[in-house]
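K.L.:
Next up is a structure, given as structure tokens.
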Amino acid sequence: MQKYIRHILIALTAFAAVVVLNFALPRLMPGDPVYLLTGLDAETLSAEVYARYYSALGLDLPLAQQFAAYLEDVFGGSLGYSYHYNATVASLIAQRLPATLQTVLPAVVLSTLIALAAGLAAGRKARGIGDTLFTGSSVLLNAVPTFMIAMVLVILFSFTLGWLPYGNLSSPGADIGTIEGFGDRIVHLILPIATLVLATTPPKYMMLRASAAKENDEKYVLYARSRGLSPSRISFVHVFPNAGQSFLTMTGMNLGAMLGGSVVTETIFSINGMGLLVSQAITSLDYPVLQGCLTVISAFILGVTVVTDIALMLADPKVRRRKNASI
């Protein structure tokens with residue numbers, strides 16, 4: 001029980017630090033929100049008008065008061081008010097998050113299944129032809145930035161071959177409620193999801209492959225083979241529970257990382273999601289939107305990490321054996 005409480009306390013401490021950083025970082029960025037909001041510069045915007053805008057945005061208040069207002073917005077649920085969109089940050093995130101989840105969740109599931117199957121198979125037949133090809137491809141993909149993967153896919157499948165559409169989640173006028181509209185949405189999602197899968201599968205595969213290869217040399221695996229158990233049963237029932245803890249931890253972190261990394265994919269594919277909202281907020285120096293989005297993403301990552309850690313402790317065979325011994 002103490003371990004679980006310690007994990008939660010560590011997460012709360014990290015979240016407190018994140019809240020402070022999310023307040024400070026946007027204010028350290030170059031540029032002036034007033035000039036970006038008005039589209040004017042110091043030569044065309046009078047000092048009086050500038051002062052009115054500066055005061056309306058709350059930037060004339062001491063930093064301590066700005067921070068107190070920020071905390072009130074965070075814990076009040078509104079996450080602040082966007083002076084660029086004239087709406088609460090919470091409502092903006094609620095509008096944009098579904099589009100982001102449509103790319104992130106399928107990508108997490110697909111990358112996890114691919115890495116799981118390939119990692120266990122490669123660990124079982126280490127240094128085989130399949131292992132060499134998949135590991136070499138993973139090392140190569142792991143070194144390529146996400147935006148470059150996206151651009152290669154767009155150039156190849158959209159511009160050169162013309163097989164898949166580029167940009168947005170649907171064609172103009174498509175109704176997602178119809179079969180044709182649903183199919184159109186699926187086709188538009190292929191490239192963004194493929195980008196995320198190619199970017200996130202290699203590290204999970206390589207981690208599981210290394211752990212599985214080590215476990216396959218253990219005596220309990222040799223004993224399972226001598227009993228005539230099938231390779232797949234040995235891999236999933238015996239090897240994975242002992243080799244997959246780091247893999248599951250990385251999978252949980254991947255979900256949060258994809259949410260933050262959606263800035264790249266949504267900007268390239270013009271998907272009107274949370275990532276594009278962050279990108280636009282950076283361009284316009286919309287402090288409340290930046291603070292709110294970063295806070296939500298950080299809280300999500302920390303929450304997933306804590307849940308994953310606790311789940312792994314509960315699923316750990318060593319922990320289960322200690323519990324059974326104490327009963």
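Yeah, the Cβs are placed from backbone N, Cα and C, and that goes for glycine too.
Unlike curated entries, TrEMBL annotations are predicted automatically.
Straight out of TrEMBL:
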- 97-312: domain 'ABC transmembrane type-1' (DOMAIN)
- 7-25: transmembrane segment (TRANSMEM)
- 104-123: transmembrane segment (TRANSMEM)
- 144-166: transmembrane segment (TRANSMEM)
- 186-205: transmembrane segment (TRANSMEM)
- 255-277: transmembrane segment (TRANSMEM)
- 289-314: transmembrane segment (TRANSMEM)
K.L.:
Of the listed stretches (7-25, 104-123, 186-205, 255-277), which one yields the highest count of Cβ-Cβ distances below 8 Å with the transmembrane segment (289-314)?
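P.N.:
Stretch with maximum Cβ contacts: 7-25.
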K.L.:
Can you name the far-off residues of the same chain, 6+ from the ends of the transmembrane segment (144-166), with a Cβ under 8 Å from a Cβ of it?
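P.N.:
Counting only partners 6 or more residues beyond its ends, the transmembrane segment (144-166) has Cβ contacts under 8 Å with 187-188, 190-192, 194-196, 198-199, 261, 264-265, 268-269.
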